[in-house]
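Peer 1: Starting off with a structure, shown below.
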Amino acid sequence: MISLDFSFNVLTRDLSLYLENQVKVGLFGSGVGLSLVLGFSAAYTCYYLVSVAKKPQLISGGKKFYQFLREQCPVVSETYYPTFWCWESRIQTLLRPFVTAKPGVSYRNELIKAADGGQISLDWFDNDDSPSHPDPATRPTVLLLPGLTGTSRESYILHMVQQSRDLGYRCVVFNNRGVSGETLLTPRTYCAANTEDLEAVIDHIQRTNEAAPIMAAGVSMGGMMLANYLGRKGRETCLKGVVVFSAGWDVFECTASLEKPLDRFLFNSYLTSCLQASVDRHRPVLEKCYDIDHVMKARTIREFDERFTSIMFGYSTNDDYYRDASPIHRLKSVQVPMLCLNAADDVFSPSHAIPVEAVKQNPNLALLITCHGGHIGFLEGLWPRQSTYMDRVFKQFAKAVIEQGSRLTDLS
């Protein structure tokens with residue numbers, strides 16, 4: 001037995017002498033226990049540094065955009081160190097809403113009319129105290145698009161508002177119809193394929209602040225909508241640049257991935273219930289046109305889309321809708337600088353469906369792929385409350401687009 005006054009110096013002796021002493025203690029002695037802990041810690045550290053912490057892969061269709069990102073956004077060349085105790089993709093995805101802080105943001109809400117008589121809710125952060133851009137007429141504007149059921153109160157949106165505030169920019173969050181508490185005036189919600197509401201919002205922002213440069217950032221489905229918008233508009237847009245996070249590029253592949261047993265249990269069923277809750281909240285206006293009881297019996301996102309979304313937007317089949325909603329088919333037509341961040345382990349957007357070859361064919365596109373990060377996770381640091389890798393990518397790219405945008409006018 002080791003006496004209670006055993007000197008701590010024993011633990012710092014030469015490693016061979018230390019291990020020799022521990023053998024005498026026996027398998028269940030405290031010294032051997034400490035040796036096992038130290039050995040496991042060393043092995044885990046080695047594994048983490050060799051197999052987990054890696055530099056992201058930067059792919060671009062043109063040398064100009066590639067070099068611009070390397071110069072103006074050093075984060076694209078830095079090793080990404082995922083939080084060491086939760087680097088696995090599903091854990092990153094599940095924990096991000098709970099461990100990341102929600103910065104305090106006071107919005108100014110605006111409801112604008114849509115062409116069909118509906119209304120769209122915009123949440124503005126005007127940043128009137130901006131020291132770098134005191135004139136509201138020319139203050140840069142960042143348009144933010146949340147994910148499938150997200151609003152302006154999601155932690156990832158609040159973080160981007162905070163980053164924009166630090167840069168002196170104004171933000172406006174485009175809330176999809178019916179998700180942020182506003183009344184649904186017409187029997188229409190939203191989908192990734194239809195960009196009419198987004199076009200109306202961008203036109204409204206431009207008319208409101210004609211002299212202010214505008215860029216946009218979209219997350220998950222918001223990123224898909226942005227990419228589809230850019231593919232449709234080509235050069236006919238006022239956006240100076242776009243950054244997209246954790247977008248699903250091929251909806252068929254995304255849906256199939258989320259229907260695997262574990263991912264269906266962890267994510268698919270929950271998201272389906274969130275979509276159904278939004279529909280049920282607006283049942284009085286929606287049930288005039290759709291079989292809401294049938295919609296409420298859906299058990300997956302695919303079933304929900306078959307019974308509701310594809311019908312609402314006039315598709316003959318759900319496959320037609322999924323084909324139209326997949327941004328991968330429109331990337332060749334994007335004429336605005338767009339940076340896309342995806343994690344290779346994202347179960348929402350599987351790595352084999354990330355459009356590497358399509359990006360290589362368009363000089364206006366760049367793709368940043370991390371080995372880990374999950375879906376809208378990208379947690380880093382010992383306790384990742386204040387900032388994520390995604391936040392740093394957003395801040396550096398937004399600053400580069402706004403302040404060095406003249407270098408992005410011709411990337412061909």
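Note that Cβ sites are derived from N, Cα and C of the backbone, with glycine treated the same way.
Curation plays no part in TrEMBL annotations; they are all automatic predictions.
Residues or ranges marked as domain 'AB hydrolase-1' in TrEMBL: 140-381. Taken from TrEMBL, the feature active site, charge relay system covers S220, D346, H375.
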Peer 1: State the mean pLDDT for the domain 'AB hydrolase-1' (140-381).
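Peer 2: A mean pLDDT of 97 is what the model gives the domain 'AB hydrolase-1' (140-381).
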Peer 1: So if I measure Cβ to Cβ from H375 (active site, charge relay system) and keep only same-chain residues at least 6 apart in sequence, which ones fall under 8 Å?
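Peer 2: Residues satisfying the criterion: S89, Q92, T93, S220, S246, A343, D346, V347, F348, S349.
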Peer 1: Would you mind checking how many other C-beta atoms are within 10 angstroms of the C-beta on S220 (active site, charge relay system)?
Peer 2: 26
